[in-house]
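Have a look at the structure below before the remarks.
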Amino acid sequence: MISPWDRWYSTSCCLCCHVRTGTIILGIWYMIINAVVLLILLSALYDPVQYRYHLTSSELGTDIDVMDDANICIATAISLLMILICGMATYGAYKQHAAWIIPFFCYQIFDFALNTLVAISVVVYPNTVQDYLQQLPGTFPYKEDIMSTNNMCLVFVVLLFIGCILSFKAYLIGCVWNCYRYVSGRGSTEVLVYVTTNDTAVLLPPYEEAVAIPPKEPPPQYMEA
């Protein structure tokens, strides 16, 4: 009987490329995104006057710093950690080290769980969509038109959008998992040599692990008297 893991196992992913290639591309893409975020956060730390965001008093009645120095430092540390995790996954897929891919796979599972909780919260509390729209600034385009739409239509559109994101993330998780299985499978395979005779079959270890037997010395030459 074929297990569900073996049934969905494949060595190819989107664009008909190998799962190793897909994992490397995905890791590099995540590293680029986090590197851009890291540059923005470092710029905010270097020049806080220019990059610090304030909400005007006409919107919330007070002047509140959305991102202070502590939050920027935390976000910077998270971006550095994400670059490290994505770099490990890229290196592990390239050098075929399965253990290096596990942290990136765990991050994907965590991110998928968070998005699933967001979808569940929208289903359980549909008024959260309207509450979120009310918190948007007045300069947000088409804010009044969106808020005038039926609440059930807004919930359906949000759930459809989140469902597409979850489906795409689940596919990427499957690609990384297949890459991990492929790399770990290649690392655990051993070359087995069978020597078959008429009565027995002897299993020999791989050639690299076999003990080298020194060659026999040739017999001494015959010396005539």
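Placed from the backbone N, Cα and C atoms, the Cβ positions cover glycine too.
Annotation source TrEMBL lists transmembrane segment at 28-49 (among others).
Summarising the annotation, TrEMBL assigns transmembrane segment to 70-94 (among others). Listed as Cβ neighbours of the transmembrane segment (70-94) (distance under 8 Å, sequence separation of 6 or more from its ends, same chain) are residues 20, 23-24, 26-28, 30-31, 34-35, 37-38, 41-42, 44-45, 100-101, 103-105, 107, 176, 179, 183.
Same-chain residues lying 6 or more positions outside the transmembrane segment (100-125) and placing a CB less than 8 Å from one of its CB atoms are 23, 27, 82, 85-86, 88-89, 91-93, 155, 158-159, 162-163, 165-166, 169-170, 172-173, 176-177, 179-180, 183. Among the features that TrEMBL reports, transmembrane segment is placed at 100-125 (among others).
Proximity of distant same-chain residues to the transmembrane segment (152-172), defined by a Cβ-Cβ separation under 8 Å and at least 6 residues beyond the stretch ends, is recorded for 14, 26, 108, 111-112, 115-116, 118-119, 122-123, 126, 129-130, 133, 146. According to TrEMBL, the transmembrane segment annotation covers 152-172 (among others).
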